[in-house]
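Below is one structure; the comments refer to it alone.
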Amino acid sequence: MIDTARISVKAGKGGNGVALFRREKYIPKGGPWGGDGGRGGDIIFQVDPHVNTLSLFRRKKDFKSENGIDGAKKLQKGRDGSDLVVSVPQGTVIYDENKNVLFDLTALGQREVIARGGNGGLGNWHFKSSVNRTPLKATSGWNGDEKILFLELKLIADAGIIGLPNSGKSTLINALTRANVKTADYPFTTLEPNLGVLHVSDFVPGPLGDIVLADIPGLIEGASEGKGLGHDFLRHIERTRILVHLIDGTAVFAGGAVKDYKVIQNELEKWSPMLVKKPQIVVVNKCDVTEVHEAEKKIKEEFKKIGVGVLFISAVAHIGLKELVEKLVSEITSEKESHSSEKVPQVKKTYTIENLPNKRIVFRTKVLPESETVQGDSL
């Protein structure tokens with residue numbers, strides 16, 4: 001999966017205004033007749049449900065929109081340049097060169113102007129006055145925005161399946177969905193996140209809709225510091241509503257399932273304290289193995305000591321999947337309700353003189369009387 005990219009964008013330059021004069025029979029002094037230039041095209045990023053990766057940006061690094069057309073005689077304004085609309089997957093985050101977040105594209109169909117085209121230049125008719133009846137002045141079009149941008153894709157899913165390598169995450173997502181993820185009996189079989197759609201009605205009767213699951217490749221100790229591509233995987237967990245922490249049941253014979261659980265929790269905490277606060281369903285896999293089945297009571301008691309409840313499943317034998325789906329529906333529904341009740345704060349955009357979207361904005365100022373003049377040190 002291509003989930004990061006570095007690109008350059010250059011919006012269209014505005015067309016030039018022109019200095020022309022009306023020259024027609026019987027109109028010897030027709031005056032200025034030059035039109036304005038057209039506006040340069042914008043570059044717009046739009047969330048497309050049919051795009052899943054940033055692979056487009058591996059092949060194409062530079063994006064330019066059309067320039068505006070110059071003005072013409074008869075006060076004709078030049079045609080505006082066409083906008084360039086670029087499709088990106090849902091969950092794309094756009095950063096500037098200093099890694100400041102410019103846009104977070106999370107909604108389907110969301111459109112954001114990434115680079116604005118330059119305004120067109122002015123024709124000479126703008127400069128006609130009582131003392132200058134034949135102005136020769138016309139202005140050039142403004143340059144469009146030009147930027148270096150960094151793109152990052154964070155998968156958006158209802159639930160993220162996490163765990164140590166070889167705990168059975170890909171097998172589980174295949175059992176619950178039709179993702180058809182590669183599986184094998186060795187660690188790090190999955191090297192990139194995978195999405196699958198769980199049709200709840202396949203397991204639980206009733207029109208309960210679908211759940212999007214993300215299979216996050218195996219995390220290891222040190223993942224928060226980048227070990228084992230940890231940074232590449234952990235960021236995808238940030239978007240999920242809940243986490244399904246899958247534990248290899250056979251680990252009880254190699255130091256304990258609780259130990260494996262704590263390894264992942266520690267890495268989540270180091271990456272972002274908010275991750276460990278997400279609702280989690282802790283699931284012990286491979287309960288079809290005789291030794292794991294016989295140790296169920298012991299494993300439950302170990303987790304009970306740290307205040308964690310567990311479910312037992314077998315992704316291979318499809319044991320306990322109905323109970324897991326019911327728990328998923330319950331937790332996701334609860335999470336959606338809690339978020340819908342929260343008041344979403346209105347985001348205010350802050351502009352400086354340098355990043356105004358329209359450089360021709362006029363500010364109304366007030367001249368203070370001398371008695372109210374502010375001293376320089378107080379500004």
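FYI, residue positions are counted from 1 along the chain as it appears here.
Using N, Cα and C of the backbone, Cβ positions are placed for all residues, glycine too.
Nobody curates TrEMBL annotations by hand; they come from automatic prediction.
Residues or ranges marked as GTP binding site by TrEMBL: 163-170, 188-192, 215-218, 285-288, 314-316. The Mg(2+) binding site annotation in TrEMBL covers Ser170, Thr190. Per TrEMBL, domain 'Obg' is recorded for 1-156. Taken from TrEMBL, the feature domain 'OBG-type G' applies to 157-333.
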Segment confidence, the domain 'Obg' (1-156), expressed as mean pLDDT: 93
Spatial neighbours, same chain, of Ser314 (GTP binding site) - Cβ under 8 Å, 6+ residues apart: Asn285, Lys286, Cys287, Asp288, Gly320
Lys169, Lys286 as binding-site residues, winner by CB count within 10 A: Lys169
Ser170 (Mg(2+) binding site) and Pro217 (GTP binding site), distance between Cα atoms, whole Å: 8
Which of Asn166, Ser170, the listed binding-site residues, has fewest other Cβ atoms within 10 Å: Asn166
Binding-site residues: Gly163, Pro217 - member with fewest neighbouring CB atoms within 10 Å: Pro217
Collapsed DSSP category at Ser314 (GTP binding site): strand
Three-state secondary structure, which DSSP defines for Asn166 (GTP binding site): coil
